[in-house]
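Remarks on the structure that follows.
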Amino acid sequence: MMKILDLFITSLKPVVEILLITSVGFYLALDGVNLLGQDARKHLNNIVFYVFSPTLIGSRLADSVTYESLVKMWFMPINILFTFMIGSFLGWLVVVITKPPRHLRGLVVGCCAAGNLGNLPLIIVPAVCKEKGGPFGDPESCQKYGLGYVSLSMAIGAVYIWTYVYNLMRVLSNSPVEIPHDSVESNYDSCKVPLISSPEEEEEDYHKVGRWEKVKRRVVSLSEKVNLGTIFAPSTIAAMIALVIGIITPIRKLVIGTEAPLRVLQDSVTLVGDGAIPAITLIIGGNLLKGMRSSGMKMSSIIGVLVARYVLLPICGVLIVRGAYKLDLITKEPLYQFVLLLQYAVPPAMNLGTITQLFGTGESECSVMMLWTYSLASVSLTVWPTFFMWLVA
C-alpha cells in the first residue's frame, strides 16, 4: 500500500498549486497593482461562466463517456447526488447551529453541498495508480479507467452545481430580503373578517389562510426565486452536447480520438477549457483581499463547514458506498469504489466562487472559506484516501 508520507505529498501538491495561484490573484488585486480589481474580476468571472467552464466540462465529458461506460457507471450520478443532498442537509444544520448572517446562509450550505470533483481527483487518482503494489492493479489500466471515472464525476458534478446548488444558494441568500410589499398587503387583506362573526367562522378563516394560502404563497415565492434559466446554463448545455457526441458512435469517431477527422475541434475546446481552473482561482485570490479586510463569516460557521465536509460527509460516504457494494449495486472493482468514496472527502467546489461573484454578494467570505478549507484539505486527502484504499483492497 502507498506510504502515508507519499500520499500526503500527493494530496498536498494540488492544494499547494491552488494556494499559489490564489496568492497571485491576491497580489494582482492589491491597490498598488490593481490588475484584478472589482470590475476586472467581474468581467473575468463572466468569461469563466460563458466560455471556460462549458469548454472544460464539454471536453472532459465527450472524451471519457461512451454508452458502455454509462451503463457500467450508472450508480455514479446517484452517488454524486447523495453527496450534494447529504451535504445540503449538513450545511443547513451548520446554519441552524452557528447562525451566520442571512445573506451568507446560501454560501454555507453550498460549501457543504458541492465538492471539488475536478482538479483534485484528476491529480490524486493517477498518482495513486502509479504506486507499485497498490490495490488497483496494472498502473496503465488503472490510470486509463481512473481518469475516465474522474472525468465523468467532474462533468456530472458541474451539472448538479449549476442546476441545484446555484438555485439553492440563490434562494437561501435572497429569501430573507425579497419580500414584496404587495404580498404583505395581500396577507393583511386575506386575514380581514367581518366586524361581527361567529367563533366557528373565525376559526375556519384562520385555518384557510394559515394553511392553503401560506402554501400557495410559498410555492409562488419559490418559483420566482429559482432561476429556471440556469438549468440551461452554458455548462449544462455543454454537458448535453458532450453526451450526444460521446454516446453516438459515428459522431464520436468524427470528433474524438487521435485519428478523428475533426479532432481539431476537440483539441481547441480542451485548450480553452484548461484555462477554467486557473481563472477561477485567480478570482478567489482577488476576492480574498476584501475578505481579509472585512469578512462577515463567523469562525463557528467555518468550523462547522470543516466538520461537515471532512468528518461527517466521508463517514456517510463509507456507509453508502459499502452498502451499495453489499447490495450488488456497484461492481467489485476497487478503483471504481475508491473514486466513489473520494467524492465525499474533497474540499468545496471552486465554482462556488463564480456563483458568489455572479450574485455580487459573499465573494470575500467565499474566499475566506476557500482559504480555510483548502489549507486543511491536505490532511483530509491523506487520512481518508489511505483509509479508502485499505477498505476496498
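Heads up, residue numbers simply count up from 1 along the chain you see.
Cβ coordinates are placed from backbone N, Cα and C, and glycine is handled just like the others.
The transmembrane segment feature in TrEMBL is assigned to 15-37, 44-62, 74-95, 107-127, 147-166, 226-248, 268-289, 301-321, 341-359, 371-392.
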Exercise. Would you confirm whether the transmembrane segment (74-95) and the transmembrane segment (371-392) meet the contact rule of 3 or more C-beta pairs below 8 angstroms, pairs 6 or more apart in sequence?
Key: no
Self-check item: Stretch with greatest number of CB pairs under 8 Å, the transmembrane segment (15-37) reference, 147-166, 301-321, 371-392 candidates
Solution: 371-392
Quiz item: By Cβ distance under 8 Å, which residues at least 6 away from the ends of the transmembrane segment (147-166) in the same chain are close to it?
Solution: 53, 57, 60-61, 63-65, 69, 73, 76-77, 80-81, 84, 110, 113-115, 117-118, 121-122, 125-126, 227, 230-231, 233, 235-236, 239, 242, 335-336, 339, 343, 349, 351-352, 355
